[in-house]
């Protein structure tokens, strides 16, 4: 049976007090709506229909690369009205999941369970038991079966004591949506078209409404203001850290870790405090990440140790490598096994061979460095001429003295030595010594200028 996902994302988000549409507010490094779209794709939905309104152009531009049908809700007249807008493009057969752009963390497994129970009756929903149901629609049951959903403003005093609430997440056959949605009425306290009224229509048709509860309550929590956004962020990060610990990761403090993407981990990985992982990363066995590090789209092989406050973006790091503290690896950095990258060393678009070292205050950009070479403190590859980037090639077992400038394009042959303080503009032959510096001048008995006493 084909699955359509309908995402309601037209709200203004006034309480956010932001020029950014609410569904574009970031959570764990991804827009709220992006989380919902990701889940829809995990479900292999044939159709994803997103209803937009406030800031629609911005929203559509943000997700321009996604295969989405966009439907405008020019006037926000309720959730039922929003779903009515999809009828011209909604398939006649199959089922639809109705989700929300500001309820970002409902999980694939939960929705798969909802689909399964809904297939038996043609309609199902997610409900939740809460201690304080104020403001939420109540689930009214008779003999255990759902009879209606009553919005808080329309509820009687007795109904307001009910602690089972409507999350707004439904799975409904498309045939029934085409039948029920045109019948919705706005004769209620809010003057809106409630999607919840389809429950009463299902009961009137003699259908039993299936329901499930989420394993984790935060899955169905919505975001209306920045306080709720921050609270949901922390709940989500707590859950992600828990799942990583179950996979064998040791955290110095799981409350001080942020995962803003995905990470694959080996055995016995250790992560210190205030580490941020973004994009898609992979950490091998026995990898250690020091305090305050940021990793983005990076792979680090087994046994590597990263010291504090190092930043990685698009890097590939080999086994048993030592990095940091305060190192920066930029896109295209590829380090072989047993490499040493020390404090205040920046590596960009550079391959570094087995066992090579750059331990202090160095910039290596657009370079290829062989095995067992040593790059002295203060060395830079001068790769940019103001218009184009040029390559520096350094062979195996090369020794580059401190404070050297290698002006690309230039090649340093295997076994060569470059004297400290040199500006190398020509190729250096294998097993040779090259140095370039002005003659030292010394003046005896030199008197420095003195400040005049006031």
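Backbone N, Cα and C atoms are what each Cβ position is placed from, and that goes for glycine too.
Listed in Swiss-Prot:
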ACT_SITE  360  active site, proton acceptor
BINDING   8-11, 22, 73, 78-79, 100-102, 137, 151, 166, 224, 330, 348, 363, 374  UDP-N-acetyl-alpha-D-glucosamine binding site
BINDING   102, 224  Mg(2+) binding site
BINDING   377, 383, 384, 402, 420, 437  acetyl-CoA binding site
REGION    1-226  region 'Pyrophosphorylase'
REGION    227-247  region 'Linker'
REGION    248-454  region 'N-acetyltransferase'
Taking residues 6+ outside the region 'Linker' (227-247), which of them lie with a CB under 8 Å of any CB in it? 16, 25, 27-28, 104-105, 216, 218, 221, 254-255, 257-259, 263, 265
Neighbour-count leader, CB within 10 A, binding-site residues: 11, 78, 101: 101
Just name the winner among 102, 151 (the binding-site residues) by count of other CB atoms within 10 A of its CB. 102
102, 360, 377, 437 screened against residue 11 (UDP-N-acetyl-alpha-D-glucosamine binding site), Cα within 10 Å - retained recorded positions: 102
Residue 224 (Mg(2+) binding site) to residue 374 (UDP-N-acetyl-alpha-D-glucosamine binding site) - Cα separation in whole Å: 55
To the nearest Å, how far is the Cα of residue 102 (Mg(2+) binding site) from the Cα of residue 383 (acetyl-CoA binding site)? 46
So residue 384 (acetyl-CoA binding site), by the Cβ count within 10 Å over all chains shown, scores 12
When pLDDT is averaged across the region 'N-acetyltransferase' (248-454), the result is 97
Integer Cα-Cα distance in angstrom, residue 101 (UDP-N-acetyl-alpha-D-glucosamine binding site) to residue 384 (acetyl-CoA binding site): 45
Could you tell me which of these recorded positions, 330, 360, 437, has the fewest other Cβ atoms within 10 Å of its Cβ? 437
Which residues in the same chain, at least 6 apart in sequence, have a Cβ under 8 Å from the Cβ of residue 383 (acetyl-CoA binding site)? 365, 366, 367, 389, 390, 391, 392, 408
Around the Cβ of residue 224 (Mg(2+) binding site), other Cβ atoms found within 10 Å total 14
Entries of 8, 78, 151, 330, 360 which, being recorded positions, have CA atoms within 10 angstroms of residue 377 (acetyl-CoA binding site): 360
When a 10 Å sphere is centred on the Cβ of residue 377 (acetyl-CoA binding site), how many other Cβ atoms does it contain? 19
With every protein chain in view, what's the tally of Cβ atoms within 10 Å of the Cβ of residue 402 (acetyl-CoA binding site), excluding that atom itself? 17
